[in-house]
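See below for the structure under consideration.
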Amino acid sequence: MSTATTRRRRAPGAPDWLREVLRRPAGVIGVVIILGLLIVAAVSLFWTPQNPFDVDPFHQWQGPSAKHPFGTTGTGQDIFSYLFAGTRTTVAVAFLSSVVAAIVGLAFGALGSLTARRVRESIAVLIDILIAFPTLLIAIMLAAVFGSSLWTVVIAVGIGFGVNIARVSRGEIRRVARADYVVAAQASGSGPWRILREHLLPNIAPVFIVQLSLSAAVAVLAEAGLSFLGYGVSSATPSWGRMLSILQNYVTIYPATVVWPGLAITITVLGFNLFGDALREATDPRLRRSRRGAGDAGKEATRVS
Amino acid sequence: MIRFLLTRIALLVVGLAVASILIFFTLRVLPGDVAQVIGGTQASPAQVAAIRTELGLDRPIWQQYGDWIGGLVRLDLGRSLITHTPVADELGQKLQVTLPLAGLSLLFGLVIGVPLGVVSALRHRKVSGFLLSGAAQAVAAVPVVFAGVLLIVVFALTLKALPTQGFPLDGWREPGRALQALILPALTIALVEGAVILRFTRSAALEALGQDYVRTAASKGMTTTRALITHGLPNVLLSVVSVIGIQIAGLIVGAVIVEALFQLPGVGRMLVSDVGNRDFTKVQSELLVLTALILVVGTAVDITHRLIDPRERERA
């Protein structure tokens with residue numbers, strides 16, 4: 001019954017859910033995209049092909065070349081280097097938003113499932129109301145009050161998607177909390193923290209990670225939308241959304257340049273969505289039983305921005 | 001049934017109340033004195049105080065909230081802090097752009113998403129079905145701005161078919177021109193939302209295909225397509241109705257971005273510029289109107305779903 005035996009019983013290497021994900025083509029593509037994103041982001045902290053902020057008035061709007069694979073902007077900035085450096089902003093936004101969403105989701109989810117009936121049901125109603133607030137409107141509201149920064153995006157997506165997570169995890173926590181092994185653990189004297197750490201969290205983890213992956217996708221899209229509306233990260237931070245919104249102004253003259261930031265965002269969002277979908281398929285027993293994805297119409301990825 | 005209707009409407013009212021409280025009090029945390037902003041840097045403290053009194057900013061915050069809600073009920077949303085024109089008038093005008101835009105987007109999205117979703121379900125074992133659902137997955141990942149830019153390149157620059165900017169100044173006086181101005185923006189939203197609708201429809205149709213009554217019909221000699229259309233379609237359409245409820249938020253948010261991209265004089269663009277001006281009597285009403293739109297449509301969809309689903313009807 002001790003922690004040591006539980007640890008020993010666990011299979012070495014990758015957790016089961018990850019191995020299941022990697023058995024699916026969609027999962028492999030998702031994992032590859034996410035890993036690529038992380039690697040580029042890490043490298044960009046030390047090295048970028050060229051200085052992304054270098055302005056070069058003699059090389060404006062250059063086409064693709066060996067020196068500038070994606071061409072240059074109207075100020076002669078190298079688009080490839082800028083996007084390369086912008087990867088870390090994307091990763092930061094996606095990661096931090098998911099952390100905030102996880103905290104909000106877990107807090108509301110636990111309050112909405114483990115408390116007294118009155119409280120529980122009021123929280124459920126509150127969650128249903130908050131879900132109607134689109135992330136982008138929350139972000140605009142926060143930007144109006146606190147000005148625009150990376151944190152506006154992070155907090156808005158964290159709250160906006162957190163309530164979605166709360167709705168999903170609420171049911172999940174209730175299901176697990178009533179399971180025999182939790183009741184048995186309670187009976188044998190485990191405290192609430194121990195039950196939370198050893199039984200609740202591991203069992204809701206797959207469902208939770210699916211939601212976090214989708215929230216990362218939403219965060220990347222929200223950053224693009226907010227940058228376009230003028231509420232993005234500060235101009236000292238390289239960001240894909242900013243590059244997209246700058247280049248779209250010149251779409252009538254230089255339509256080719258706008259493709260690069262657009263593709264970068266699309267591929268990243270696709271990666272997070274594919275990973276989330278593959279993980280859901282791999283871990284949802286209802287989905288595994290019926291290979292066709294029956295009974296799951298309501299669980300498709302939703303777009304909130 | 002009546003019980004269900006009443007609970008649903010009560011929930012809508014509670015939802016609107018919570019939304020209004022959240023919006024009002026979040027905006028009141030606004031740093032910086034609005035009166036100072038309006039008065040300008042040259043204003044004397046007395047002038048600033050006069051502006052505060054004029055705007056009612058010196059009164060208790062609950063009273064200010066009460067005034068706003070009291071006005072809302074009478075469709076009086078107060079006056080702009082900057083231009084002093086009634087907010088309701090301007091909002092009504094902007095809604096004439098945003099509502100048709102959202103409606104048209106939904107229409108296009110359904111026209112794109114539902115038939116293709118059914119097709120991709122029918123061909124789920126063939127390459128074409130796989131490609132279709134893969135394409136939907138990819139399109140659903142495209143940011144709205146990028147989707148709009150791509151459509152501009154294709155329809156406006158290459159085909160030279162549709163206008164890319166602006167809305168007739170005289171509004172709907174010439175319906176043809178107004179509608180034309182909305183087509184490309186609506187298509188932009190519909191492309192992205194249609195991809196999501198496609199995936200929902202596909203799941204629902206796949207589920208219907210697995211049902212015994214569809215399989216029986218198919219085994220008695222109907223083609224799978226016919227069996228699905230004659231027997232499975234009601235169920236598919238039911239889930240399409242629920243999708244509308246979920247996607248309405250996407251439509252509204254899409255409208256905010258698309259109005260900025262295509263320079264349409266709608267609520268979204270008004271909201272963005274008012275946030276810039278810190279005109280918070282306008283911002284609070286605009287946010288509430290957009291949220292109310294989502295809540296009301298959500299409730300309507302829920303009720304419709306209940307009305308047209310015979311299983312739910314019997315249970316009630």
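Keep in mind that glycine also has a Cβ here, set from the backbone N, Cα and C atoms.
Look at TrEMBL and you will find A:87-276 tagged as domain 'ABC transmembrane type-1'.
TrEMBL lists A:286-305 with the feature region 'Disordered'.
Among the features that TrEMBL reports, transmembrane segment is placed at A:26-47 (among others). Only residues 6 or more beyond the boundaries of the transmembrane segment (A:26-47), in the same chain, are considered here, and those with a CB under 8 A from a CB of the stretch are 20, 84-85, 87-88, 90-91, 213, 267-268, 270-279, 282.
TrEMBL lists A:91-111 (among others) with the feature transmembrane segment. Remote same-chain partners of the transmembrane segment (A:91-111), defined as residues 6 or more beyond its termini with a Cβ less than 8 Å from a stretch Cβ, comprise 37-38, 41, 119-120, 123, 126-127, 150, 153-155, 157-159, 161-170, 172-173, 208, 211-212, 215-220, 222-223, 233, 268, 272.
Feature annotation from TrEMBL assigns transmembrane segment to A:123-144 (among others). Listed by sequence, the residues of this chain that lie at least six past the ends of the transmembrane segment (A:123-144) yet keep a Cβ under 8 A from its Cβ atoms are 108, 111-112, 115, 152-153, 155-157, 159-161, 163-164, 166-167, 170, 218, 222, 225-226, 229, 231, 304-305.
Residues or ranges marked as transmembrane segment by TrEMBL: A:150-168 (among others). For the transmembrane segment (A:150-168), the residues of the chain that approach it from at least six positions outside its boundaries are 89, 92-93, 96-97, 99-109, 112, 127-128, 130-131, 133-136, 138-139, 142-143, 207-208, 211-212, 214-215, 218-219, 222-223, 226, 231-234, 237, 302, 304, judged by C-beta separation under 8 angstroms.
Within the same chain, residues 17, 30, 89-90, 93-95, 97-98, 101-102, 105-106, 135-136, 139-140, 143, 148-150, 152-154, 156-157, 160-162, 164-165, 168-169, 172-173, 176, 239-242, 244-245, 248, 265, 268-269, 272-273, 275-276, 279-280, 282-284, 301, 303-305 sit at least 6 positions outside the transmembrane segment (A:204-233) and bring their C-beta atoms closer than 8 Å to a C-beta of that stretch. Feature annotation from TrEMBL assigns transmembrane segment to A:204-233 (among others).
The annotation transmembrane segment is assigned in TrEMBL to A:253-276 (among others). Through the fold, the transmembrane segment (A:253-276) approaches residues 21, 26-27, 29-34, 37, 61, 63-64, 70-71, 73, 79-80, 83, 86-87, 90, 94, 210-211, 213-214, 216-217, 220-221, 224, 240-241, 243-244, 247, 301 of its own chain, all at least 6 residues removed from its boundaries and within a Cβ separation under 8 Å.
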